[in-house]
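Inspection log for the structure reproduced underneath, given as structure tokens.
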2 protein chains.
Amino acid sequence: MSQKISGGVFRSDLKLADGRTISYYDGAEIKRSAVDTRDEKAQPGIGHLRLDPLVNEWISVASHRQHRVFLPPKNLCPLCASKGDKLTEIPDSDYEVVVFGNKSPALTAPSSNWQLPQINGIDTPNADAAGACEVVCYTSNHDSSFAKLTEKQIRTVLEAWKDRDAALSRLNYIEYVFPFENRGEEVGVTISHPHGQIYAYSFVPPRVEKMLQAADAHLKKTGKVLLDDVIAREIKDKKRIICQNTEWIAYVPYAARYPFEIHIAPKRSVPALQDLDQSQSEQFAAVAKESLSRLDGVFGIEMAYIAAWYQAPVNIGRDSMRLHWQIVSVRRQPGKLKYLSGSESAMGAFIMDLEPEQSAEQLKAVKY
Amino acid sequence: MSQKISGGVFRSDLKLADGRTISYYDGAEIKRSAVDTRDEKAQPGIGHLRLDPLVNEWISVASHRQHRVFLPPKNLCPLCASKGDKLTEIPDSDYEVVVFGNKSPALTAPSSNWQLPQINGIDTPNADAAGACEVVCYTSNHDSSFAKLTEKQIRTVLEAWKDRDAALSRLNYIEYVFPFENRGEEVGVTISHPHGQIYAYSFVPPRVEKMLQAADAHLKKTGKVLLDDVIAREIKDKKRIICQNTEWIAYVPYAARYPFEIHIAPKRSVPALQDLDQSQSEQFAAVAKESLSRLDGVFGIEMAYIAAWYQAPVNIGRDSMRLHWQIVSVRRQPGKLKYLSGSESAMGAFIMDLEPEQSAEQLKAVKY
């Protein structure tokens, strides 16, 4: 039933009552067979994509999600393991890392003849919102966090990301795979159980499209990979580096947008998560754990953040776009948030009140 | 001392104690001569622009603002008129509409030989953060709001915007003029006095650059102005129109990003605020007031919003880009906000939980 993937991790695929797949990722071979005994039915409905002709961007309209089941009471966290008659999204009584489809996904598997329409201004037709939305539970321990995971646990999360990146990339309607974590009520998170998500889009998202333009232009002009040159500058400047080991480097970027922003990248750059080799995969956890711990340490409170994996799209830019992880926090000071208001939100023009070098100093000063 | 501008509005320019200009806009000629008797000194310091090479966007680093004076206690709102020994930013004891420079601006006037550097990846040099940040007080009544202004007051605000658009556009270091309002604590507003801001940038902001690409491509392909075609579609579809008169139309856009989003545009399109003619200027207030009142009426609470004027950049796109006002609210339900998290914030890929047509129905159902 279980299958050995890389990094000594085993994957077991089972079905939830409503037909969704749940994958358990374990650091050793464990027989997984727990049955989902809830009386759940598949939630039908797919959203649709509409083109915003003012900027030629796809908007996913997911009004079918309005009818989604509300969160159960707090004593029954849906991401904890099932215990006795407390039945959660995870049928087994314990787990290491699990991945399963979101119950009310904004993006879902389309019919087999689905195709993204050609963009043609206001004459662009709508399309079914093809894609995938998955939940990644980092640990069964409700009160933990990514930073508090052991390096071994982080390795298992990484192998789950790599495995899902590869699997989703093989679907013919997927153009971009995006693992991310929203953490903290300040960014709208309503379930505090440590977890992330994976959105897989049937189009290249606007932000990635723009990155790709810059990366392609740089490759064409210099013959070099843009992120390699960006990292070379960080290494040369030194002062914004938060931590590093042989394979990975974490730094506050030269032109950070948020008061606390850390980018984490492999020094030998790769297009996507699935391309990380054994040595890179082994060394990720140490740098990830230290970076996120420093973030929590700045104000001594759990920092709200968005942690976003950027990588090459599935079918284009594999030669120019490179994998890296951007973690941004909206907290400026213990009692103060940075709000994305007029300039940032409507113009895309960011104002930073803190020098990136000052921010790096504060992160480096945290005892770790 | 006062100068008659369009719409029967008079402008009086005076100086604040620290050297900033304050402009009073009055619906009739009023002699303005109140002196700012505060002991204030000019706040030196200019921020700098850094290029983010991953997307070729300018970030404004304004660390000098950290030292900015904190807000005075609530009983002394800095945007009310001065009364007795309560000295505010507005020296006079009453006013209609005033505009003055932000005390700690993120963008400021540069030295005379300033130039925006050519973008050249990681080799792009920094530059002084040239531009302007201004405050626009809509009324001296602390407890009012834009929606509660009379049509005559809104006309005066519009004339102030037009006047500032024209004046800022004449500065040789300004490429884009952006009047906007952040309203509500949910979008980070700490002063509840009804006011907006104007940011004038020395570069074309990323969002506008993208709009310009779409507008230019449409003009080249069809010979027509994109926004004209967008509005023609809204008129044809009818169902998303919130209100209109001869000159203006307000609608929930076909591909709205936010649960409550209204775009307001002149039917005879113009590049920028300063290009609005007399008839357009006269008819703006009715549509603006009704739209914002309906927004407040949806849940019967003052709606938090960002209201952003999009227009043609100063020196390019005057033939393709067209003036319109986008008002977006992050409130989904009385107790629920829409957060910009992973997909929206990191990918630029918006997920809408409400059909734009449903949103339009709710706005139209408000009694007005």
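Backbone N, Cα and C define each Cβ position, glycine as well.
TrEMBL entries are annotated by machine, without manual review.
Features as listed in TrEMBL:
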| type | residues | note |
| --- | --- | --- |
| ACT_SITE | A:HIS195 | active site, tele-UMP-histidine intermediate |
| BINDING | A:CYS77, A:CYS80, A:HIS142, A:HIS193 | Zn(2+) binding site |
| DOMAIN | A:47-205 | domain 'Galactose-1-phosphate uridyl transferase N-terminal' |
| DOMAIN | A:218-366 | domain 'Galactose-1-phosphate uridyl transferase C-terminal' |
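Shown on the structure are the features that TrEMBL records.
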residue  : record                                       : contacts (Cβ under 8 Å, 6+ apart)
A:CYS77  : Zn(2+) binding site                          : A:THR88, A:HIS142, A:ILE191, A:SER192, A:HIS193
A:CYS80  : Zn(2+) binding site                          : A:LYS86, A:THR88, A:ILE90, A:SER140, A:HIS142, A:HIS193
A:HIS195 : active site, tele-UMP-histidine intermediate : A:LEU79, A:VAL135, A:VAL136, A:CYS137, A:TYR138, A:GLU181
Quick check on the domain 'Galactose-1-phosphate uridyl transferase C-terminal' (A:218-366): DSSP residue counts for helix, strand, coil, in that order please.
57 helix, 34 strand, 58 coil
Within a 10 Å radius of its Cβ, which of these binding-site residues (A:HIS142, A:HIS193) has the fewest neighbouring Cβ atoms?
A:HIS142
Mapped DSSP class for A:HIS193 (Zn(2+) binding site), helix or strand or coil:
coil
According to DSSP, folded down to helix, strand and coil, what is A:HIS142 (Zn(2+) binding site)?
coil
Three states by DSSP: which one describes A:CYS80 (Zn(2+) binding site)?
coil
Can you give me the residues near the recorded Zn(2+) site, meaning same chain, not A:CYS77, A:CYS80, A:HIS142, A:HIS193 themselves, Cβ no more than 8 Å from the center of the site's Cβ atoms?
A:PRO78, A:LEU79, A:THR88, A:SER140, A:ILE191, A:SER192
